[in-house]
Amino acid sequence: MSYTTRQVGAKNSLDYKVYIEKDGKPISAFHDIPLYADEANGIFNMVVEIPRWTNAKLEITKEEPLNPIIQDTKKGKLRFVRNCFPHHGYIHNYGAFPQTWEDPNESHPETKAVGDNDPLDVLEIGEQVAYTGQVKQVKVLGVMALLDEGETDWKVIAIDINDPLAPKLNDIEDVEKHLPGLLRATNEWFRIYKIPDGKPENQFAFSGEAKNKKYTLDVIRECNEAWKKLISGKSADAKKIDLTNTTLSDTATYSAEAASAVPAANVLPDEPIDKSIDKWFFISGSA
């Protein structure tokens, strides 16, 4: 299945949007792309939001029809992740699993915290730098449980099935064997990345341990079931999230016409990023 992107507006601007297309028609990045690319073989679709080594905080929006990828804002200003030495921007290709949702009404029995009201986050650790809106086929290896301001924010660790290392990586212990230091660096980055913005260090459940593949698959199934409840309108949050879709004809929010309302592609030159975003921050206590 081939997916393409439709960019509207200039990157690093409030108008920037990236829609996912299938057969040239916009679809929902949240609801229309199947979670499984090949369920029998454990292969998942991942929507890339943020390429590795970049700073713009891009995310699938929950508030607009067909859920394009936009840059997050705070008090009307675009948000960027700061550079925490020795890292530059995001440490991995960062994205989400479609057709998943971390339910803010349900407390996880082990983390003791509710979901963060977003699709399930994915960290793709392969060698290629991805692009915003890319739909990658990945296999999952493990998961970390970030506790972000009182919410469970799972971070699934996965690798592109076409990566040269993919055949050797089948569970979380293989990551340390073939990519020594990656899990430690990932843990450190998520602990400290908000400190330059004046926020406290993030905490992890399980003392920062990355859980194995079997545990991860259970988390994914739970989040897929939560999404099914959401898209069917049975969740209390169904009215707060845009559920418009173009493929799920048995849902009340199905719309065959939604794609025609999406603006035509309008790729403009990138807006400049303020030079202050280049600054390196040295965090006391980080490795």
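Using the three backbone atoms N, Cα and C, a Cβ is placed for every residue, glycine included.
Sequence-distant neighbours of R79 (diphosphate binding site) (same chain, 6+ residues apart, CB-CB distance under 8 A): A56, K57, Q71, D72, T73. Taken from Swiss-Prot, the feature diphosphate binding site covers R79.
What Swiss-Prot records for D116, D121, D153 is Mg(2+) 1 binding site, and it gives similarity to another entry as the kind of evidence. Annotation note: D153 (Mg(2+) 1 binding site) sits in a strand segment as assigned by DSSP. Long-range Cβ proximity for D153 (Mg(2+) 1 binding site), meaning a same-chain Cβ under 8 A and a gap of 6 or more residues, is found for E102, D116, D118, D121, A145, L146, L147.
What Swiss-Prot records for D121 is Mg(2+) 2 binding site, and it gives similarity to another entry as the kind of evidence. Of all Cβ atoms in the protein chains displayed, 22 besides its own lie within 10 Å of the Cβ of D121 (Mg(2+) 1 binding site).
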Beyond D116, D121, D153, what residues of that chain have CB atoms within 8 A of the centre of the Mg(2+) 1 site's CB atoms?
E102, G115, D118, L120, L146, D148, E151, T152, W154, K155
Provide the number of Cβ atoms within 10 Å of the Cβ of D116 (Mg(2+) 1 binding site), excluding the reference atom itself.
21
How would DSSP class D121 (Mg(2+) 1 binding site) in three states?
strand
